[in-house]
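Report on the following structure.
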Amino acid sequence: MSILFYVMFLPYLCGIHATNMDKRNLPENSMNSLFIKLIQADLLKNKISKQTVDTKENHQSTIPKPQILLDLDGDDNMKQDFQPVISLEAELVKQQKQRRYKSPRVLLSDSLPLEPPPLYLMDDYIGHSTVVNNRTSRRKRFAEHKGHRGEYSVCDSESLWVTDKMNAIDIRGHQVTVLGEIKTGNSPVKQYFYETRCKEARPVKNGCRGIDDKHWNSQCKTSQTYVRALTSENNKMVGWRWIRIDTSCVCALSRKIGRS
């Protein structure tokens, strides 16, 4: 734009200075020299401005852009099957305040549990505590079991706290690693699982107790259900997942061939 202005202004400037040059006997190329100097000054100014802009753009391009974090909670399937954990210590405090999805069969504690969860009976519990064989304890156990006299279970089961669970199958069918010892604060915390399983497949000779063996084949089988636990997959992606654990003993029946 400046060069165009100089080109348009040149004839006017030449007309004004023509008379003066005649009177003062100025050299003929004085106007050309003036015009060339003005153009050079303008070009130099534009070049400096352009270099300044390029320098700013290059500096901005070298600044690293912030990494985009993926929102795992945005995917509904991922949110249901896997919930990532950033800080284990903060997550433990959060679990103490929130009881949603919390199963009594999963315990996070710094010491070995000596009793079953409050919601489960102690009839079939085989814990690590010693039993004191005295008259008071026998009377207490008799009073607790008094209401169960005359009742029999089709299958015999046993329940215990599993303290060394290392692997499990999650709700997607993938094998995951169960976090054993979790380092937080002063003392480490471990995960304990209260599991129930069958003592034996056939409590009686022909299968389950109380089943008509003339018409039915029966067998006691351990059943599983899903609980939430802190796990990792391929030594990464630590978070809460639904995993299968043993929770009951049921009697499986099948009709004998040739029987109606």
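Indices start at 1 and increase along the chain as displayed.
Using the three backbone atoms N, Cα and C, a Cβ is placed for every residue, glycine included.
According to Swiss-Prot, the signal peptide annotation covers 1-18.
Under the heading N-linked glycosylation site, Swiss-Prot lists Asn134, citing sequence analysis as support.
The disulfide bond feature in Swiss-Prot is assigned to Cys155-Cys220 (among others); the stated evidence is similarity to another entry. According to DSSP, Cys155 (disulfide bond) sits in a coil region rather than a helix or strand.
Cβ-based neighbour count (10 Å, all protein chains) for Cys198 (disulfide bond) stands at 21. In the three-state DSSP reading, Cys198 (disulfide bond) counts as strand. Per Swiss-Prot, disulfide bond is recorded for Cys198-Cys249 (among others), and the stated evidence type is similarity to another entry.
Other Cβ atoms within 10 Å of the Cβ of Cys208 (disulfide bond) number 25 in total over all chains. Residues annotated as disulfide bond in Swiss-Prot, with similarity to another entry given as evidence: Cys208-Cys251 (among others).
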From Cys155, Cys208, Cys220, the disulfide-bonded residues whose CA lies within 10 Å of that of Cys198 (disulfide bond):
Cys155, Cys220
Distance check, please: Cα of Cys251 (disulfide bond) against Cα of Cys155 (disulfide bond), rounded to an integer number of angstrom.
7
I need the least crowded one of these disulfide-bonded residues (Cys155, Cys220, Cys249, Cys251), counting other C-beta atoms within 10 angstroms of each C-beta.
Cys251
